[in-house]
Each structure stands twice: as structure tokens, then as C-alpha cells.
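Chemist: Features from Swiss-Prot:
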TRANSMEM  7-27  transmembrane segment
TRANSMEM  66-86  transmembrane segment
TRANSMEM  112-132  transmembrane segment
TRANSMEM  169-189  transmembrane segment
TRANSMEM  203-223  transmembrane segment
TRANSMEM  307-327  transmembrane segment
TRANSMEM  335-354  transmembrane segment
TRANSMEM  404-424  transmembrane segment
TRANSMEM  445-465  transmembrane segment
TRANSMEM  487-507  transmembrane segment
TRANSMEM  520-540  transmembrane segment
TRANSMEM  618-638  transmembrane segment
Amino acid sequence: MVINPSTIVSTLSMSIMAILAVSIFFFSKSYFYPPQNNNLVSFRVSNDTLSNNPNGSSLDYNSGPFAISVLKTLAFLSVISLLISVQNSFKSINLTFSLWFNNTPTNVSINFLLDQYFLLFLSVGLIVTWSIMEFSYYYMKEDPNGKAFFRPFGHFSLNMLILTSSNSLFLVFLGWEGVGFLSFLLISWWATRNDASSSALEAVIYNRIGDIGLITFMSLAVLTTNSWNLTEIITNEPNNHFVLFMLFGLILAAAGKSAQFGLHPWLPAAMEGPTPVSALLHSSTMVVAGVFLLVRTSELFSNYPNANTIVLVLGGTTALFAASTAIAQHDIKKIIAYSTTSQLGLMVAAIGIGQPVLAFFHICTHAFFKAMLFLCLGSVIHSLNNERNLRKMEGISDLSPVTSACLAMGSLALMGTPFLAGFYSKDLILEAASASFANTLGISLGIVATMLTTVYSFRIVFFCFSSNNSISPLSPIGEENSNLINALLRLSIGTILSGWFFSNFIFSPPSFTVTPEEKGLPLLVTVVGLTVIFISLSYLSSNPIKSTSHSTTTSQWFFVDIVHSALTTTSFISSSFSSSRTLDRGWQENIGAQGIAQSSTALSKANQASQIGLIKRYIASSIAAITIIATLTFIVLS
């Protein structure tokens, strides 16, 4: 009996998700959370009742090796599923598990779409999550609540897999809200720190704005197409009166979840969470959810060039803003955070020029080297007693050779060095941009941002491999832990091989014609960036910049000052004035008691003015009244 490859792929994929969902409940038997502040920001979900441990004491159970083994097994199964799919030419599989409300006009069902996007993301996501989970066992070992860390971590990955596999708006919304809620829990893991609590709340608020866009899209899609199936919504193009609002909802949703310009401040602030959370958040889960949604629905944009232009300019602006801000930062986690925002902008710009496949290609390659960068940072920060200032990490390569080598490799991949993961996807995006007839401004912004990426990436390498040693001799530096080394080496292999493997066996490069000059554009951009950083490092060491442009980039284009301070203060004052004018001086004064008193006084004064005691005015008014009455009577009788 011959087994259909599609059956094997679908069985493996659904089994992986089912095993992950069930095994998460065994990732931790410790539900004790340390005392938290009594406020909404530091709210935590407690599972003491589920653990049958009313005293909240930590149970003597270590779930780290079990969680790592589960993720390792599932990662290997996902790779097998991916290889079978490659041999089967990535035939899309649409699974419908059950139908709800069959007697209703709207087709509400649970659908999964196992296509090229999901099957590749399944492998990439599980490999990256496995590596980060293994690193977490080393990093969170001293945390008093570290045993409970693996459960929300696993739930985070599961919700992202639900989001990427779902073909039903119901499941899309479930996964979308799941990663949002769990990001709040993980960012505020150290909730006794005010910065962590406020950062988690900031992430929720900005993502709520994006959720408005997704709900708008879902509502109008169901209203116009009478279906919850995403494929049917895209195939049966909605009514033209609503499609523009649907596209606006998609753009707003992607901007909120993927931290595009205007809704970006939450992403750098999320660095207050544990480093494994930052690694998972920035590499293969929440921040790429918005981009993935645009990739899934990119066909809706094909007939609306203005919408594509908005997406392109938004992505280019985000990439330029984040890259220009990163070059002026000294907090190494903030530098990598802004680099994530810049790369997300590049992905969105790729969708804007009509290349969603290239955007997804960059999602997959970016996941490996960005996760590796964060794990390297976590190792360095952990060894330097939570020191995050890049200028105080000079000479770290002599003390941590493996970590420094992986950090340099990740930075080189980020800047697009040939034959590393980032080169293959960024090269194709820049070539496609130069060959497209899309908005020139958006393309130019993306190219300049790519050049600046080289600047801040090489800046990290320069300080880490500097001959000067600014590290405290008391820092407990060491690389003896196998969980750290194995995770870094695994991701480094992905950084080296993933771009080549994906470009040759997974993705079919888009067909477009470029001139030799345009073909050399990516390499030229990298060379220009290296030239800029060399000149800057040689000149700025003795001539520090004190200019408006430097202040602008250091202060994030004054965005936070304007939006969080000026606009907030202005809106508060105007709303206070309006409410005071409407309520205190409105209903309660002008229209209320004082208004009645003023009206009565005015009527009384008018009545008094008419009764001044002059006989001639009384006689004149009587004659006028008699004349008017007589005239009207004559007119009526005649």
C-alpha cells in the first residue's frame, strides 16, 4: 500500500502541534509565584489551585530537561515533514476538523492550511524555540521562579504555530491574541521591577491598537464574503466599498504587532524582560505575526497600488528610523531591538513591492541569526553582572571566544555579508526593489536603512574584538555550560546554511530583470556602510558629535517625547478643558442653576424696563395696538 506524502505531512504536522499542546502541561509542576505588587501592571496568573498546593510552595520537580527533550523531538519531526514536503513540491493541504452552526448562513469552521509558509515556519520556529529553551535552562537557573518559566514559553510557541497554520479567522484571532497575552506575562516576568511592569503594559496598549485593525478586517470580511475561511475571503474579492477599509485594518494590525513606525515604542521597551523572552519574541514569534498576516493576505493588495505604496513607505520609514536610532544607542540590547524593528520594516517594504515570498524568506533567515544574537547578548550580560553598556564590553572576545565568534557571525549575517543567512534574503529584496516600478521614496528609505544596518552591526563587532579591555576582573565569565554552547552552535549552523538551503530547495526566486549595476547594489550598500563606520570610529574617538542630527537619533527622533509627553499632555489639557466647559461651566453653571438665575434676571430687567411710569408711552403703545388690531380686522372682513 502506497501512502500519500500529503497524508504523512498532515499527520506529522498536526501530531507535532498536539504533542506540544499536551506536553506543555508537564513542562512545570511549580506554580509558585513570588509576591507581586498590588497593582494591575504586575498582575500574574496563579495556578496554585491546579497544583493542589494551596500554600504556594515550590515543588521539587525540574522540568527543564523534559521540555528540552520534547522540543528537540518535535524539531526533528518537523524537519522530516519539511523534507517530505520538498519532495512533494509543497502541495497545500487544507484540513477541516469540524463545522459549527451548520444551519447559519455564515460558514464557521476550524480550518488548517498546511502550505509552504506553515511547513517551513514550523521547522524554523521549533528549531529556534528548542535552542532558546535550552539556553533558558542555563540562563534562568538562578531565578526563584525559573521552574515555572517553561510553561508560558511553550504556550507562546504553540499560539504562534496556531496563527501560522490557521485558515480560519477564528483561529487567526485565537493565535493573535494568544501571543499578545503571553508576551505581557513574559515581558513582566520580573514584575517586581517597575520597568518590566510598565514595559509589559506599554506592549499591551500598543498591540490593542493593532487588534482594532484585525477586528475591523475580520468584521468586514465576514460581512462582505459571508465566510470565516481566509482562502475564500481572498479568492472571493470583497465589495469595493469595504475592501479599502479591510486593507486599512490589515495595515494597522501589522503595524501594531510588528512594531512599525508610529506603533513601535513597545518593542525596545520589551527588552526589560528576560533575555530568552527577547530572543523568542524578536526571532520567530510575536513580532513577525503582523508581517506573516500581510504575507497571507498579500493577494488582496494586488489590485490596489495605493495600498501597496502605503505599505512600502511605512516599511521603508520604519527601517530607516530604527536603523538611524540603533547607531546612536549604547545599550546593546536596545541596539539589537532596533535592528529587529529595522528588519521588520524591510520585510514590510518587500510586501509593498509585491514580493511576499521574499518577505517570508527574510523571516526565516532572520530567525536564526537574530535568536543567536540575543543568546550571545544574554551570555555576555549574564557574565558581566547585568552590564548592558556596549562600551564596557571591550575585549570580551578574549574571555568568551565561542560567544564572541557567534556574536560576530550574527552581526555579519545581519549586515548581509555574502554566503551567510541574511545575505540571500536581503540581496533578493534589494534587487527586487531596484527592479520594481514602485514608489521610489520607499525604496530609497529601505536602501539607506540597509546601509545603516552595516554601521551598527560592525560597531558591535568592533567593540567586542577591541584590543582594549574594559571588563571588570571580578566578572564571573565562563562558557563551560553545555546548554549555552549547544544552543549557540546549533543556531550558528542555521545562520551559515539556512540561506543557501532555502534559496536552493525551498523558494523559487522571483523572475525580474536587473542591470549589472543593480545586481551589485547589495554589495555596494554593505561596502558604503563599512566605509562610514571606519571613518566614524577613527574620527569620533577624538571629535565627539554634538549636533541636532545626533540628538535626534539618540532621542529616537523625539518620537517618545512628542507622543508620550507633548501629545498626551495636550490631549489631557484639551479634554480637561472640554469636560470643564461642558460639565462644570455648562450643565452645572450656564445651563443649570446659574443659567436659570441669569435668564430670570434678564427677563425681570426687561419687564422692569417696560414699566417706567411715563403716561405718554402708555398712550402711544395703546394707540399703536388699537391701530394694528383695526387694520387686521379690516383686512379680514374685506
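Cβ atoms are placed via backbone N, Cα and C, with glycine included.
Show me how these features fit into the structure around them.
Modeler: Here the transmembrane segment (307-327) has Cβ contacts under 8 Å with residues 244, 247, 251, 255, 259-261, 264, 294, 301, 334-335, 338-354, 438-439, 441-446, 448-450, 452-453, 455-456, 459, 553, 556-557, 559 of the same chain, all six or more residues outside its ends.
Distant neighbours of the transmembrane segment (335-354): 254, 258-261, 264, 267-268, 270-271, 278, 282, 287-288, 290-291, 294-295, 298, 301-302, 308-323, 325-326, 329, 362-363, 366, 370, 373-374, 377, 390, 414, 426, 429, 432-433, 436, 438-439, 442-443, 445-446, 449-450, 452-453, 456-457, 459-460; these residues of the same chain sit at least 6 beyond its ends, with a Cβ under 8 Å from one of its Cβ atoms.
Long-range Cβ contacts of the transmembrane segment (404-424) within its own chain (Cβ-Cβ under 8 Å, at least 6 residues beyond either end) map to 339, 343, 361-362, 365-366, 368-370, 372-373, 375-377, 380, 396-397, 450, 453-454, 457-458, 460-461, 464-465, 488-489, 491-492, 494-500, 502-503, 522-523, 525-526, 529.
Proximity of distant same-chain residues to the transmembrane segment (487-507), defined by a Cβ-Cβ separation under 8 Å and at least 6 residues beyond the stretch ends, is recorded for 86, 116, 120, 124, 127-128, 130-132, 134-135, 357, 361, 364-365, 368-369, 371-372, 375-376, 379, 402-403, 405-406, 409-410, 413, 419-425, 428.
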Chemist: Mind checking which residues reach the transmembrane segment (445-465)? Cβ under 8 Å, same chain, six or more beyond either end.
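Modeler: For the transmembrane segment (445-465), the far contacts come to 313, 315-317, 319-320, 322-324, 326-327, 329, 332, 335, 338-339, 342-343, 345-346, 349, 390-391, 393-394, 396-397, 404, 407-408, 411-412, 414-416, 426, 429-430, 433, 521-522, 525-526, 528-530, 532-533, 536-537.
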Chemist: Taking residues 6+ outside the transmembrane segment (203-223), which of them lie with a CB under 8 Å of any CB in it?
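Modeler: Cβ under 8 Å, 6 or more out: 106, 169, 172-173, 176-177, 180, 183-184, 187, 233, 238, 242, 245-246, 248-257, 259, 263, 265-267, 269-270, 290, 293.
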